[in-house]
Amino acid sequence: MDIHEYQAKELLSKFGVEVLPGALAYSPEQAAYRSRELGGDAWVVKAQVHAGGRGKAGGVKFCRSDAEIQTACEAMFGQKIVTHQTGPEGKGIYRVYVEAAAQIAREVYLGFVLDRSSQRVMIVCSGEGGMEIEEISEERPDSIIRATVEPAVGLQAFQCREIAFALKLDPAVVQSFVRTLMGCYRAFRDLDSTMVEINPLVVTEEGRILALDAKMTFDDNALFRHPQVAELRDKSQEDPRECRAADRGLSYVGLDGNIGCIVNGAGLAMATMDTIKLAGGEPANFLDIGGGATPERVAKAFRLVMSDKNVQAVLVNIFAGINRCDWVAEGVVQALTENPVDIPVIVRLSGTNVEEGQKILAKSGLPIIRASTLSEAAERAVGAWKHDSTKGTKMRAAS
Ligand code: ADP
Ligand code: MG
């Protein structure tokens, strides 16, 4: 899960990372009011979206008056910002952060990531702050400094000092640089984060070390033990299909094709997507209903897949071990009875209680296309979709 810059700054500051005073606003008027509350004579208005590269896309504006803040905000609120990290559809701006303007002397890049090959937390630093890490690694790979943290002892001050020296930081700021790195590391570790990125971390004219931008990503599987982090989730920044799925406890990834997939197990879901492609189709999603899925859960998954407007055929592929084919069949029948659809529905069942499952499907009288192997199911799904897509508008079921 990603969070906003202002939320990351609030969390990091509790771990001793220095940030500038700032305040959140939900309207241009509120933003101007916030700047008066903050005081000073220069502010930066920053669009709060789950993506970097805002500066270049007009999402970070330097302002010197109420009027400038209002104008900057009016160009942001309700708009979509498109950066290299948002994808072409962009992300909606519904909040802005008003922050005191910094007198920047130097910008550096600082990131904490999980390095899978060394199985350690890795610190990545570069003197080329402000640039995105992808650009740095392409254009100035020699400027990147890396250090790994030994989990038994945690990040050590000497490691931070080594990085400070490699960055050729002024000796006067080394101590606060060390404090900043230690704070970021503790936040990363204690909050089950998978990424902390401060880009830029700045040295100000007065010799302070400040996090001017902050990004944090968290391990979804550990969110249950950090309710204070879980509540920072902003659904307006997520794919609405994935959001609905997460709320229903389903593992779902939205894709661009038009064959909806309902499968049990991540491996089988991947294989199903491959087989659809092999048969000449494009999957609309990855959906794993998990083990022991009840009819209600299957019906929920079905409704979720159907709520995607691009779906023009649905393929249910179940290899039941812990699952039960009769329950899956009941779920499919339940969903189709409550919300009839007129797009092809292909069901392939195999494993536990398969005969009962087939009977339930047959008895329902619903126009379900049955298949006995995965490749047959994929071919039938793609064939039925191709045949059907020539027939015009489809009836949709509400989610
Ligand atoms: P993004 O990475 O999404 O473009 P940043 O928060 O990094 O957004 O802002 C982009 C640039 O704007 C920074 O590299 C910095 O130069 C400048 N900037 C951001 N916040 C401030 C601030 N409070 N004071 C002065 N300059 C700022
Ligand atoms: Mg940045």
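Any Cβ shown, glycine's included, is placed from N, Cα and C.
The ATP binding site annotation in TrEMBL covers Lys46, Gly53, Arg54, Gly55, Glu99, Ala102, Glu107. Here TrEMBL flags Asn199, Asp213 as Mg(2+) binding site. Per TrEMBL, the feature substrate binding site maps to Asn264. Positions annotated as domain 'ATP-grasp fold succinyl-CoA synthetase-type' by TrEMBL: 3-203. Sequence annotations record features per position, and here TrEMBL assigns domain 'ATP-citrate synthase/succinyl-CoA ligase C-terminal' to 262-382.
Look at Asn199 (Mg(2+) binding site): DSSP puts it in a strand. Among the binding-site residues Lys46, Gly53, Gly55, Ala102, Glu107, Asp213, the residues whose Cβ lies under 6 Å from any atom of ligand 2 are, in sequence order, Asp213. Summarising the ATP site geometry, the residues cited as binding it (Lys46, Gly53, Arg54, Gly55, Glu99, Ala102, Glu107) extend over a maximum Cα to Cα distance of 19 Å.
Counting residues per DSSP class in helix, strand and coil order gives 59 helix, 26 strand, 36 coil for the domain 'ATP-citrate synthase/succinyl-CoA ligase C-terminal' (262-382). Note on proximity: among Lys46, Glu99, Ala102, Glu107, Asn264, the binding-site residues of the record, the Cα nearest Asn199 (Mg(2+) binding site) is that of Glu107.
Highest Cβ count within 10 Å among the binding-site residues Asn199, Asn264: Asn264.
Of all the binding-site residues listed here (Glu99, Glu107, Asp213), it is Glu107 whose C-beta has the fewest other C-beta atoms within 10 angstroms.
Here the CA atom of Asp213 (Mg(2+) binding site) lies 11 Å from the CA atom of Glu99 (ATP binding site).
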